[in-house]
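Per TrEMBL, the features are:
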BINDING   Q198, C199, E200, P326, Y327, G328, G329, M330, E331, R629, M630, K631  peptide binding site
BINDING   H355, H359, E378  Zn(2+) binding site
ACT_SITE  E356  active site, proton acceptor
ACT_SITE  Y443  active site, proton donor
DOMAIN    528-673  domain 'Peptidase M1 leukotriene A4 hydrolase/aminopeptidase C-terminal'
Amino acid sequence: MRHRAQTVCIKRHNCIETWKHRVSKLQQAPQFNLRFARARSRDPGISSTNYIVVLLTAEEILSTMCGIREPNTLSNISQVKTTHLHLDWTISFEKKILSGYVVLDLITLVDNVEKVVLDSSFLDVTKASYEGKEVKFSIGERQDTFGSALTVELPTIAKAGTAFKLRVDYSTTDKCTAIQFLKPSQTEGKQNPYLFSQCEPIHARALSPCQDSPSIKLTYSAVVTSPLQVVMSALHTGVKDVGNGLKAYSFEQRTTIPSYLIAIAAGNLVGREIGPRSTVWCEPEVIDSAAWEFADTEKFISTGEQLLTPYEWGRYDLLVLPPSFPYGGMENPCLTFVTPTLLAGDKSAVDVVAHEIAHSWMGNLVTTESWEHFWLNEGWTVFIERKITGRIHGEAERQFSSIIGWKALKESTELFGADSPATRLNTDLTGIDPDDYFSSIPYEKGFNLLYHIEKVVGGPKIFEPYMKAYVENFASKTVNTEQWKTFLYEYMGKTYGQEVVDKLNTIDFELWLRGTGMPPVDPKFDTTLADACYELAHKWDTAREDKELKQFSAKDLENFTAAQKIVFLERLTDAEPLPHHLITKMDELYHLTPIRNADVRFRWQQVCLQTSFEPIYPEVVKFVTEQGRMKFVRPLYRLLYKAKNGAQLAKDTYLEHRDFYHPIAGQLIEKDIGLKQ
């Protein structure tokens, strides 16, 4: 626990003018007595004032007073809360906008509410209505990536707990960061336009005025009028012909979600059933390969249910997006968005689906309270993903995947710097765009903390029942790091007694959660499947002076899985850049350049760029312009930019293809290659 004995300044909450007044308000807060009682049971001599000053962190103070600490929203979440959104949109592919309105069901949290402040970003707002009557609204000055506060004036609502409706009429604009409209030429079929959204982390405010914070969990419904098939992160409840070649598609999301999980796509889409509760959607040109690649989806879902709780969302469909989609997958409920780079033709990349399915519990059902606790979404999801794949493929595969993750964690830590606050699990995002901290760290450092806890407390027999209890306790709620830790201790103490609590006390949680750099403990993963990869990489690394290289043959990789090829190449990226004659021989023997698996292709190009092997440059340009997955394009652009004779090529390539990339990816690539500060 962090000790802050001096006055704590809480931004955006100016209702408390002095420290003495803060103490008084805290002592009256409904949650305070319970917390103080727990503290006093540990230290009977402590006064309530000392408890506030010495023991509570700034985050805990804000949590007690207002519910959460949330630096990445402009909305007045301490005064009102959204419970439901209804969206009514018409898609114009010609104008590249969504137009219509949103109706927000809200409830007051305090007395005398006079306004609703919503997050918005690059929206053209035309009207606001309160309970059917038009009211005044204003849009504040843009706050960089956080957008603009949309303030709607209300007649004073005297009592907390009052429910009301607010309607906002608006349209998106060409600056919208949540939606990418694609020309027909950017799709597989080349005949029809396409659109898809990506709202995580703080781009839902560019899709609709809302309280764009993970702390606000709501249900939503939608009616979308479009000339092309529409799918959303909700259950499809109907479609009707409305004339002029248009249809109105209806949707309902009945389980509460945060705003970043609202998602839409529209285009020339077809669906094919691949399981009892799953359909894969995509353009007709790839439906056969997609249905084959994802045929094992039900196996992943049922394994997740065995580990945790019954699947709550009804449907688990997949949408294979066009190549510019910036992520490997996005866990939109009922409809996971996936990159076409997973269509490797051999099912070697589909474990990404296990990750997105794990999000059905970790992130979607149990949601981080704010982006400062993002590791609770992603660390838990990686942990469950590897539990699923371990159950299906064996423990050695889980360990092997963890080794690959460790490498990714190491690279992210090196990129930010070992002392960077971006390498903390529980981060401070005051004034920081969460996108700027996006990396493998919350995923893999979070996984390693949970993996370490599991080992310390006694293994899966003790830890796996806790996983299920954690989901049951926080289902349909949000959770922060302190609440996660409190429940961990409470569950272990109640279920297994002081002996296991004593084991937990050997873990330096402060260092794990708020320390920078790599994890403080070596995980000592089982290297059974990695040893052959390490040996072959070492063999190449020590052959630098050898001109004949007769000790190598095509058979070296004959029995390697795609994952083993990845680890072999990753090991080489840790070595000094290889001489060019080794690169040439390696490709001659192993035929790495034409490999279709995107992860292998990425690692091979990384090895080549690190040594400025110019014959690979055209292949790099081809790879970064035929798909927009940030996992691949950002590191490759950075490496090309740093390589000999590569900087101008990197800039020219990006500028020529700028419109191909999703806005989120484009903003970050521009920073990577010096086009934007």
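Heads up, residue numbers simply count up from 1 along the chain you see.
Note: Cβ is positioned from N, Cα and C throughout, glycine not excepted.
A TrEMBL annotation is a machine prediction, not a hand-curated record.
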- Rounded Cα distance, in Å, between H355 (Zn(2+) binding site) and G329 (peptide binding site) is 8
- H359 (Zn(2+) binding site) to E331 (peptide binding site): how many Å between their Cα atoms? 6
- Note on the structure: For E378 (Zn(2+) binding site), the close recorded positions (Cα within 10 Å) drawn from Q198, Y327, G329, E331, Y443, M630 turn out to be Y443
- Message: Give me the CA-CA distance between the residue listed as 'active site, proton donor' and G329 (peptide binding site), in Å, as a whole number.
- Response: 14
- Message: What's the number of neighbouring CB atoms sitting within 10 A of the CB on H355 (Zn(2+) binding site)?
- Response: 23
- Within 8 Å of the Cβ centroid of the Zn(2+) site residues H355, H359, E378, which other residues of the same chain have their Cβ? G329, E331, E356, A358, M362, G363, N377, W380, T381, V382, E385, Y443
- Query: Which residues, sitting 6 or more apart from G329 (peptide binding site) on the same chain, put a CB under 8 Å from its CB?
  - Reply: T336, F337, V338, T339, L342, V352, V353, H355, E356
- Note on the structure: The most crowded of the recorded positions Y327, Y443, judged by neighbouring Cβ atoms within 10 Å of its own Cβ, is Y443
